[in-house]
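Here's what TrEMBL has on this protein:
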DISULFID  Cys43-Cys89  disulfide bond
DISULFID  Cys108-Cys132  disulfide bond
DOMAIN    28-145  domain 'FZ'
DOMAIN    162-288  domain 'NTR'
SIGNAL    1-24  signal peptide
Amino acid sequence: RSGGPWLLGLLARLLLWGSPGAWASYLRRSSSCTPIPHRMALCYDIGYSEMRIPNLLEHETMPEVIQQSSSWLPLLARECHPDARIFLCSLFAPICLDRLIYPCRSLCEAVKRSCAPVMACYGYPWPEILNCNKFPADHELCIAAVSMDENSSSRRMPRASCKDCELEEASTAREILENLCANDFAVKIRILRKNMTTTISDFDLDPSRVEVLKHGPLLRTEIPARLQQWLDIDATCVHNIMRGTHAGVFVVSGEVQSDKVVVNKAYAWQKKNRNLHQAVRRWKHHRCPEQAG
């Protein structure tokens, strides 16, 4: 279960912390333990089975908790941070112990850094109720981050994109050619999934299977590195394109934005996509409207 390791660590820290005394007595009188229901998709099967009501966001009934927590499911689907679920559930469904355990301030700040920009894409600010300054510092008893440090040189934290990219249907060869003309670059690549077990999958570019159709403002030699950067930081987009497969060949096109590339279109390279095959064959001799002029 996703909550197992952090839960064991929390219990170990609680045993070292000592008896909560009078505070525990007050807590038992002011709140109650209740099973986390199946209908609470955000936190069901998080690693513990009971939660306290009222919760740490002052929701007093289970219907209210379920309704309010469900509004955060789309954000989790964006895979903006691997600890986002733990952070939210520590507030919506606080673990049923003798003392209230808040998320650490550093956990809140890490999740906010990755997820607030995605929320902003849809016009939602980071809510004041989740103001990270309200939460305890790391040296106090609190729920810390589970994932690796995002500043670690061994792994960069994936960032979700604001763009809802999906595989395109190769409708006509002409439409595909128009798309290639409209974008800065177009490349035929093979993508490999490195793992299937973590919250956010890691992807690699197969360097031996990179065919540059159009390099635009990029140097041909820098395209593989730029595309690997895209695979590293745009987890949601790549996940949607891969559709659960271990490997695949795709024709992707997009634009260059300062220090990164953004993929706007992606087509699966399959035998049944005859229009895509035809467009790629014709591309070598195709002249875009601005070239023809």
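Note: Cβ is positioned from N, Cα and C throughout, glycine not excepted.
Of the recorded residues, Cys43 (disulfide bond) and Cys108 (disulfide bond) place their C-alpha atoms 17 Å from one another. Other Cβ atoms within 10 Å of the Cβ of Cys43 (disulfide bond), summed over all protein chains shown, number 26. Broken down with DSSP, the domain 'FZ' (28-145) shows 49 helix, 11 strand, 58 coil. Mean predicted confidence for the domain 'NTR' (162-288): the pLDDT average there is 87. The Cβ of Cys108 (disulfide bond) has 26 other Cβ atoms within 10 Å, all protein chains considered. Of all the disulfide-bonded residues listed (Cys89, Cys132), Cys132 has the fewest other CB atoms within 10 A of its CB.
Looking at Cys132 (disulfide bond) and Cys89 (disulfide bond), their Cα atoms lie 15 Å from each other. When the Cα atoms are compared, Cys89 (disulfide bond) and Cys108 (disulfide bond) turn out to be 12 Å apart. Sorting the domain 'NTR' (162-288) by DSSP state (H, G, I as helix; E, B as strand; all else coil) yields 45 helix, 37 strand, 45 coil.
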